[in-house]
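According to TrEMBL, the protein has these features:
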type     : residues           : note
BINDING  : 113, 118, 123      : oxalate binding site
BINDING  : 116, 118, 123, 162 : Mn(2+) binding site
DISULFID : 32-53              : disulfide bond
DOMAIN   : 67-214             : domain 'Cupin type-1'
SIGNAL   : 1-23               : signal peptide
């Protein structure tokens, strides 16, 4: 009887856990490098679960190595930030392994990775070069931030807003790892001011006048598209 009650309790807990409490699904094999050639066209990230795995006998060490983060990406003139994200779309061998990574470069004296969050992953950030002021804000509004030196690591919990800023005299490089093959990213400035949210909402929420709002929308997003049912 006791075992029966324990089983019912375990099932109840499992049913009550929200999807966000679990990580990527556990793999049922050592690895699964998707066979993009099976569809006769480039790998489509949205269709990854439908691709067959390549035959392990046809794989080599090169299939499990990636050279795409040896150099910085393209720098933004506005923020001095350059990012290279690596998910199975870029590195197919990551598929089903529940991990991904990124390289972030910050130009000297003020380069910044603006506030953002990853809805599906916790991030660990290792400073490879430079001095970086980094931190995150928890759901209670508390800021955890400090200057990281070369070789130091900081963790940004899943779905917490975080940022990095170069506070040194030389360019800085940060290597980030994620516990999801598809962590996602929501950039706060572009999401708020570049997604087409109704003007009245933003003006009241941030205390902006129309001129200030136009300036922010011009900087952080494309021309507004009217997808909402509430039109001006």
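Cβ from N, Cα, C; glycine included.
Structure with TrEMBL features highlighted.
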| residue | record | Cβ contacts under 8 Å, 6 or more apart |
| --- | --- | --- |
| 32 | disulfide bond | 53, 95, 96 |
| 113 | oxalate binding site | 79, 81, 83, 104, 106, 163, 164, 165, 174 |
| 116 | Mn(2+) binding site | 161, 162, 163, 185, 186, 187, 188 |
| 118 | oxalate binding site | 156, 158, 159, 178, 180, 183, 184, 185, 186 |
| 123 | oxalate binding site | 155, 156, 162, 176, 177, 178, 183 |
Neighbours of 116, 118, 123, 162 excl. site residues, C-beta within 8 Å of centre, Mn(2+): 117, 121, 136, 156, 160, 161, 176, 183, 185
Fewest Cβ neighbours within 10 Å, where candidates are the recorded positions 53, 162: 53
Secondary structure tally of the domain 'Cupin type-1' (67-214) (DSSP, helix then strand then coil): 22 helix, 57 strand, 69 coil
